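According to TrEMBL:
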{"type": "ACT_SITE", "residues": "ASP44", "note": "active site"}
{"type": "BINDING", "residues": "GLY17, ALA18, SER19, SER20, SER21, GLY22, LYS23, SER24", "note": "ATP binding site"}
Amino acid sequence: MTTWQPPRRGRIILLNGASSSGKSSLARALQSRIDTPFWHISIDHLRDSGVLPTARIRSKEFDWRTMREPFFIGFERSLLAYVEAGNDLIVEHIVENAAWFERLVRTLAGQDVFFVGVHCALEELERREIARGDRPLGDARRDFSRVHSYSSYDFEVDGMAEVSDSADKVIAAWQQRTRPSTFELVRRQLRF
């Protein structure tokens, strides 16, 4: 008779950057190049799948401001469930401020999180935002001034560099880690 064994914990490669910085392209490149199966998860996937009542939010029938924080808290807590079940994740996020970062560190305490900063010049962010046409204008500028202001990273990439090269560099850095992660160091500082 086989004894039940809990699944091994999953790992997270967490991409943080402004809207239109290249997180989605990098996540797809990572997923196609890394040597084990990783899920690719983002807020956009939830938004675009119909999970949210988007039309009713856009029509102002529902107020996104009252829905926003519970949505992000739920998204972040779902990541914990996925990794505790043994799934490896590539996660796109826009961690807007220090409070959100601390919340995410607390939520994912004890998990293997490799925190990657995706940087991009403001002019390029705004050009991409206009070209995409699916984002409110100004999101990239708002994100640019704050998403990298509250923490260091385990690794950083230029969102304007060749995406396959960036993916290879992220994978190599992730595989060759020799120090505690940024999330672990922050957790120790916060003493929880």
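Each residue, glycine too, has its Cβ placed from N, Cα and C.
Just so it is clear, the model here is predicted, and its values are computed rather than measured.
Comparing the binding-site residues SER19, SER21 by how many other C-beta atoms lie within 10 angstroms of each C-beta, the top residue is SER21. In sequence order, GLU92, ILE94, VAL118, CYS120, LEU125, ARG128, ALA140, ASP143, GLY159 are the same-chain residues whose CB sits within 8 A of the CB centroid of GLY17, ALA18, SER19, SER20, SER21, GLY22, LYS23, SER24, the residues recorded for ATP being left out. GLY22 (ATP binding site) sits 13 Å from the residue listed as 'active site', taking the Cα positions as reference. The DSSP secondary structure for GLY17 (ATP binding site) is strand. Long-range C-beta contacts of ALA18 (ATP binding site), restricted to its own chain and to partners at least six residues apart, with a cutoff below 8 Å, comprise ILE94, VAL118, CYS120, LEU125, ASP139, ALA140, ASP143, PHE144, VAL147.
GLY17 (ATP binding site) and the residue listed as 'active site' have their C-alpha atoms 14 Å apart, to the nearest angstrom.
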